[in-house]
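Can you read through this structure? Questions will come right after.
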Amino acid sequence: ESLHSSIGLLGISAGSLLLAVHFYSLPRAAPLIPNTALGVLLLILSSLLAYAGIRRSLRNAFLFLSLCLTISVFWCGYGVVLILGGQGVLTDTGDFRNAFVPGLVTFTLALLMIAVVGFLCREVILAMIASAVSLASAHEVAMRYSTAFGSSAVACNYMIVCLVGGYFALGRILYFLTKEKVALPGTDLAKKKTHEQIQSTSGTMNCFAVTGLILNMLSASVFGCRLLGVTGKLFIGQVPWLWAAGIYQTGICILSYRAMDVLMATFFGFTSILKFAGGYCLLYPIWQPEEPSFPIPFLVVFSILFVVLALFVTLKSPVDGLYLLFYVAYCIALACCPKGFFEGGPQGVDVAIFVASALMTLIHLYNVKASAKIPTGKGAVKALLARSSFLKLREGADLHTPYLGYSKYADAEVLGYACSVLASFAITVTGDPQAPLANVVIPWVVVAGGILKLLGGSVAFARGKTLESSAFILYAVMWIIWGLTRYGGLYGTTRSFHTAVGIIAFMLFNGFIIFCTLFLNTAWFFYSLTFLLIAISFLLDAIHALPAGYDIAATLIFGLVSFYCFLSALFNSIFEGSCLPMGRPIVQLSGVGGGMTKCLHLPARKASSVKRIADILKNGGTCGIPTDTVYVLVAACNRPDAVEKAHHSKRQAQDRPMSLWISSLKQLEPAKHLFSPLLWDFMEAAWPSPISLVVPRGEWVDFLGMKDSAKYVGTPQSIAIRIPDCSVTTHLIDLVGPIVVTSANPTGEADTTHHNQVYAKLGDKVDAVLCDGPSPENIASTVVDCTKIDSGNIGFFRVGIIPKSQVLQVLEQVQKK
C-alpha cells in the first residue's frame, strides 16, 4: 500500500536536494553539480516519478498521481534544457531565460492549483510539496529576470520540499517495514479515508486527464510567452518543453485508453501531434535560414477532426466539448498563417488555450477530490438524448467489450483511422527536391501516420483484433519510412531501385491484408484497398513515372475512406446500433468469424465471475473455462439438455467422447460401493492432477442425473473422470456439481490455449467464456486406462503432461498400502 508512495516521495525529495545544492552553489564561478550531470540525474528521477505515479494510480490516489506526473514532466524538460546548457547550445543569460521561463511559468501555476486542491481536500503533505515547488519555480522566474534576486530563495524552497518529502517517505517506509507497528505522526495510512476515496473515484473518471491538460498549458506557454514579450525569441532551447510534453501526452493517451476513455485519449493523441510539430519547427535554423511554411489542406482537415471530436465529447461533458473548440480555432489560425507557429494569430490562440487549460485543470482536479462538484453539464445532453428514439448512448458494463475476450484497454481504432486521414492529407503537399524541409510535413506524417498508428495497432492487438492491428502496424511503418525518405531529404535518384523494391514488398503484405479483410467487413476492405493506391503512388514516384495528379487523387480517396471509418468507429463507440455501419463481410465462410456473435466474457480472477458462470451452467448453458492444462467446454451433468448441446456444438466425434469432472470424491460418495477399493484408493491418490482415469461404466452413472444424455459421455464400456488441479475450476464444480467436459475446439483441431481462441472457434456456440489469458500448459492431460486395475494392470490412452513413470509410481504406492 505504501511502497509506491514512498518511491515517489523519495524521488521528489532527491530531486529537490539536487536542485537545492545547485541553486546554493549557483553564485560560485563553477557550480557544484555540472549542468549536464544535473540534467541527466533529473531525467532519471523524472522516469522514476512517472513510474511511481502510474503504479499508484491503480489505487485511485488521484492527487499523488497528478503531483508525480506533473513534477516528472517538469524535471524532464528542465533536465534536457540543463544538458543543452552544459553542452554549450545555450550560451548567454538571455538564452537560459528564454529556455527556462515558459516551463517555469506553467508549472508555477499548475503546482499551485494542485496545492490549493490538496489543502481543500486535507492532503496536507502533498499540498505542502506542491506549494513549495511552485514557489521555487516562481522565485526562479524572478531570479532569471533580476540579478538582484538571489538564488538562495529558490534553494530554500527546494530544501522545504526535501525535508517534508523525506519525513513523509521515511514514515511510510517504517510503516511498511514494521507491518503497521510504527507510524510517524501524519504519515500513517488512513485506511478508512482510502476506502472512501476509492468509492468516490470509482467509475468512468479519467484520472490522467489533469496531467494531459497541464501538458496543453506547457506547449501553449512556449508560444504564448513569445507573443506577450515574456521571452525574446523562439529557438532550440524551448524544444525540450514541447517534446517532453509530446512524449508524455502520448503516454497520457495510452493511459486514457487504460481508463476506458476513448474520446479524451483521441484528443490527447491529436494534441501530441501539435506538440511534436511545434518542437520540430523550432529546430528549423539547423537546416535552413528561413522559417518553414505549413500545408493548408492538412490543417483544415485537422480542424474538421477536432470539430467532430468536440461534438462527441459534448455528449459526455459540454464544458470539455467547448474546450476542444479552442483547438479548432488553433488549427484554423495555423492554416490562415503561412508561417504557422511563428505568427501572432496562432500565438494569440495559444494564450487562450493556456487560460482555458488552466481553468479545465482546476475543474477536473476539484471535481475528482471534492464532494461538492463544479457543474460541467454532465448528464444534460444525456437527458436530451434519452427522449430520442433515433440515438441512444451506449452504457453499462459492456461499453468497452472487446472483440475477443476481455481487455484492459478501450478501443483505439478511432485514433488509428483519424491518423490515416491526417497522414494522407499531409502528403498532398508536393515536396521541393531542392529544399525538402521547407514545408512542415514530417511531423504530420511520421507522428500521426506512424507513431500514433503504431500505438493504435498495439492497443488493437491487446483487444484481440489481430488483423486490424497487423494492418495498422504495417501502414505505420510505411508512413514513417516514406515520410522520412520523401520529405526528409533522404530521397535521391541513386536509391530509386532499392526504394521501389521495398515498396513492392509492402504492397505484397498489403495484398494479403486485403484478402483477409474480405472476411472481416466492407469498410476494412475498402480501407486496405485504397491504401494500395497510396502505395502505388509511392512506387510510381520512386521510379519517376508518377502521372500528374495521381498522388493527389489517391490520397483524397484514401483520406475520405479513412474519414468514414473514423466517423463509424466514433458512432459505434458512443451510440447503440449502427448509424454508420462498417458493413458485412464480402465473403462469408462457415467456421470463419466464430467470435463475431459475442457471448458473455468474464475475468477468472473474480469470484463473482465464477458465480455467474455457475448460474449459467445451472440454467442449462455451456461455457468455455480455463483449467490446469488447456481450455475446455463444459456443461452441468444434471442438465441433460446442456450435455446434448455441448456434444453438438463442437461436432463431437464418436472416438473422442466427453469426460466427467468432479471437485472432490465426496461427489461420488453415494456410489462408492460400486467402485473397487483399489480403484477408489487410486483415484484418491492420483487427484487433483492433470490425470484422467478411464473407469468401467456402471450404475454409478445414474447418480449424476444425466438421464438420456449419458450416452454422449464416455463409451458404452467406460468413462474418463478427473479432479482438475485448478482452484478456479474446482470452485466452479463445487458450485455446480459434477460437469461433463470436452476440449474447447472443433474435433480434429489443435487444443485451445487462450480464451481468444475459444471465442474464435466457438464464440457463437457457447453462452459464456471464463477468461484467464494463456493456459498454464500447452499439453493436455494424461489419460490412464483403469478398466483392468483390479488385475494389477493399467494402460495409457494418451501420455500428456504427467509422464507414465509418475502414474505407475502412484499405483505402486497404493498397491503397497
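Glycine too: its Cβ is placed from the backbone N, Cα and C atoms.
As annotated in TrEMBL:
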- 32-54: transmembrane segment (TRANSMEM)
- 61-84: transmembrane segment (TRANSMEM)
- 148-170: transmembrane segment (TRANSMEM)
- 207-229: transmembrane segment (TRANSMEM)
- 267-287: transmembrane segment (TRANSMEM)
- 322-342: transmembrane segment (TRANSMEM)
- 348-368: transmembrane segment (TRANSMEM)
- 437-455: transmembrane segment (TRANSMEM)
- 467-485: transmembrane segment (TRANSMEM)
- 497-520: transmembrane segment (TRANSMEM)
- 525-546: transmembrane segment (TRANSMEM)
- 552-575: transmembrane segment (TRANSMEM)
- 607-802: domain 'YrdC-like' (DOMAIN)
Answer with yes or no whether the transmembrane segment (32-54) touches the transmembrane segment (348-368) by the criterion of at least three Cβ pairs under 8 A, sequence separation 6 or more.
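Answer no, regions not in contact.
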Near the transmembrane segment (552-575), which same-chain residues lie under 8 Å Cβ to Cβ, leaving out any that are not at least 6 residues past its ends?
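Hits for the transmembrane segment (552-575): 262-263, 301, 305, 308-309, 312, 315, 391-394, 410-411, 413-414, 417-418, 420-421, 424-425, 427-428, 523-524, 526-527, 530-531, 533-534, 536-537, 581-582.
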With the transmembrane segment (437-455) as the reference, which stretch in 148-170, 267-287, 497-520 has the largest tally of C-beta pairs below 8 Å?
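Answer, by Cβ pair count: 267-287.
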If we skip the immediate neighbours and take only residues 6+ beyond the ends of the transmembrane segment (61-84), which ones have a Cβ under 8 Å from one of its Cβ atoms?
5, 8, 11-12, 15, 35-36, 38-43, 45-47, 49-50, 52-54, 90, 96, 99-100, 103, 107, 110-111, 114, 117-118, 121, 123, 126, 129-130, 133, 137, 197, 201, 207-208, 210-211, 214-215, 218, 236-237, 240-241, 244-245, 247-248, 365, 368-369
Please average pLDDT over the domain 'YrdC-like' (607-802) for the predicted structure.
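Over the domain 'YrdC-like' (607-802), the predicted model scores a mean pLDDT of 85.
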